[in-house]
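A quick write-up on the structure given underneath.
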Number of protein chains: 2
Amino acid sequence: MNPGDRVRVDRADRTYEGVLLPSSTDEQFVVKLEGGYNVGVSRDGADVSVLEEAVYEIDSNGDGDGDSDDETTTDDTDVDSAVEFDDDLPTISLISTGGTIASTVDYRTGAVTAQFDAEDVLRAVPDLAGRANYRGRVVANILSENMEPPIWQDLAQAVHEEIENGADGVVVMHGTDTMQYSASALSFMLETPVPIVFTGSQRSADRPSSDNVMNAVSAVEAAKSDCAEVLVCMHASESDDVCALHRGTRVRKNHTSRRDAFETVGAQPLGTVDYHNETVSFRRDYQQRGEVDLERSDALESDVELLKFTPGMDPAFLDVVEGADGLVIEGTGLGHVHTDLIPRIEELVADGTTVVMTSQCLEGRVCDRVYDTGRDLLDAGVIEAGDTLPGTAKVKLMWALANEESVAETMQTSIAGELQERSVPWE
Amino acid sequence: MNPGDRVRVDRADRTYEGVLLPSSTDEQFVVKLEGGYNVGVSRDGADVSVLEEAVYEIDSNGDGDGDSDDETTTDDTDVDSAVEFDDDLPTISLISTGGTIASTVDYRTGAVTAQFDAEDVLRAVPDLAGRANYRGRVVANILSENMEPPIWQDLAQAVHEEIENGADGVVVMHGTDTMQYSASALSFMLETPVPIVFTGSQRSADRPSSDNVMNAVSAVEAAKSDCAEVLVCMHASESDDVCALHRGTRVRKNHTSRRDAFETVGAQPLGTVDYHNETVSFRRDYQQRGEVDLERSDALESDVELLKFTPGMDPAFLDVVEGADGLVIEGTGLGHVHTDLIPRIEELVADGTTVVMTSQCLEGRVCDRVYDTGRDLLDAGVIEAGDTLPGTAKVKLMWALANEESVAETMQTSIAGELQERSVPWE
């Protein structure tokens, strides 16, 4: 029984049929079901039968026909020539952190936790061939809901090393659940002379509607572009034609399941990748390749929380952050909470917690000069984060507390495009 | 010195110039500044000088010219005839809870905390004349960030009484910060044979860009319509042409300051009011006037919290809800949290807390059958709320725990249009 085999697993009155995947644990089988999703089944007490053995030949010449005949060809999609370093092509580092898009790669290569090399990547997504020289690297293999600040630091270090070692661009494969938080983290942690492009997949590779190939190919094209920023590259619409390029600090997963779930909040995306023409274009100014030197400041103050205020909220939530370094509040409207909470917030500030206000409206700036509640919050020492998205503000505050002297000023200044609107709430 | 006078207030090195407003407290002056916003200044130690006395004549015939000459007219916008009960017009109850739109009314009538009558309303917004017979009522006079579940109950009772006493429609004037929560609350608490229309104002009356008149007039037109649902009526665009009618359970304030801040999430609004043509039209089916009998079930379980999960969240937030009746989690993606939190959630459920999953994506259904984390959450006893908005889910859970036997089934069933998408996350 090998990965790739079609199997049936019976356990505890339930039956799963699908393709056996390589698993990172000894405790369970992972089966890719018909529907395209993976299920983990405990090995303990499970009956497994192989329905069909995998017939898996490496398409070593990348012509897509699955054989390895001796075609002589100058086709530059030829895998062998791509895997051999091509001086005429840029070098792109592919870094995996896990998630649906990485599980695709894993499925075909078996490289779940190990370093994966150029050949693995090209086998997984043959369309990548001929576009770049590739280097592969695994930083984590987690579901992205399990992403944690220390992994952001590992990721920043890995990206930094790759760029230092000559990568002309970096593609980070990441689960979609928390991609916006990780992209924000890298936006603050790294000054980069080359593109750093996050991509992921809303539908796994086995499904006809999978977005993984187009997203991966588009991310590589974006990583070859002139835009030296941290970007998120995902489907721009439900069609397989254009990917959007979002600034890492302004992007949000705005739908649970659609392929075009990711949107730039309050603006058009920074740019697009036309999948068929292989052209990358930008709508607004961006940081050019080589404009800044590579620099990493990846310290984080981890004791920072985000709290969303809703009517009737138990004030005891504020007790949890007693003694914390930072608190981001997701208030209502222009940046408000129930007036009764303000004295408690004032105490937190007095005790040394930096409290930052954002809005659950998501679009538009907070402005606490307008109404009484806001003025009282400012008097209590709360810092306004403009139109910084609440999740981005949390990541930024973790970073600012560890790296900047004036946290208040930093939170009100755009470091990586996170502040977008001008400061007039009644335009 | 009287409300309406133009004054200068000097206090503690700061100077405020503007129009003196009636104030609900003896402790401070409230001054409407040039910019259109109100500022509260403590009376203690303040120097006030009147720059210009108010010249305020009641336009008793409502013809807009400000005099009270003896014009004989059959114009049906005549205030006197409107204030006298007109058998040919429907009766609309205007209920005020506070907020920017109500402060407009207060400013001109002085009726800040008192019951206000038809004449007050027409003086405040003369454009309302001739459209209906009006009854006025004040339930609260608060900034809406201070809205609390007990006031939802007062409001439900007031609306219920107004309808019982023959109102053909109800308009609720409400601050915009938490309007969506209150509209959700009434959507669950009341079965209504007539329209209940929330409206508010993003810019106060003194500002050229004020939206209060158009929103109030459009809300009255919607309250006269055939749609017996709880609606939110606010500007549909930045122009003064069309108001959108949103279902109370699907609406969200999506911008801190724009006049068209309110949007129906994941769909077009249910209907529109053309301000100039005075026509109300609907895009989809709705509950017709008279289709159901008036019924009120306004019990609420107040010990229900909402918690937004973000990477690095302190698990201690879950301790705050120990022993609570309910918890709504705003998870990532299809409805996930860090795997480490799941055992604690399982304990909460075992201890009797109803835990409901929603998504911070806002659009699209949660679906916890797809990935391991989700299946573990379902095994822990978490209930999926489909595509119910997180804030709406909190209000609904408060209501369901107090009124419904099967809370799990209720949370997965659309009671008032809060569930919108079909149950297929990979369409």
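Here the Cβ of each residue, glycine as well, is placed from N, Cα and C on the backbone.
Caution: TrEMBL annotation is automatic and unverified by curators.
Database features (TrEMBL):
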- B:T100: active site (ACT_SITE)
- B:T176: active site (ACT_SITE)
- B:D177: active site (ACT_SITE)
- B:K253: active site (ACT_SITE)
- B:1-51: domain 'GatD N-terminal' (DOMAIN)
- B:92-284: domain 'L-asparaginase N-terminal' (DOMAIN)
- B:303-410: domain 'Asparaginase/glutaminase C-terminal' (DOMAIN)
- B:58-81: region 'Disordered' (REGION)
The domain 'Asparaginase/glutaminase C-terminal' (B:303-410) - residue tally per DSSP class, helix then strand then coil: 42 helix, 22 strand, 44 coil
PLDDT averaged over the residues of the domain 'L-asparaginase N-terminal' (B:92-284): 89
B:T176 (active site): tally of other CB atoms within 10 A of its CB: 28
Number of other Cβ atoms within 10 Å of the Cβ of B:K253 (active site) across all protein chains: 27
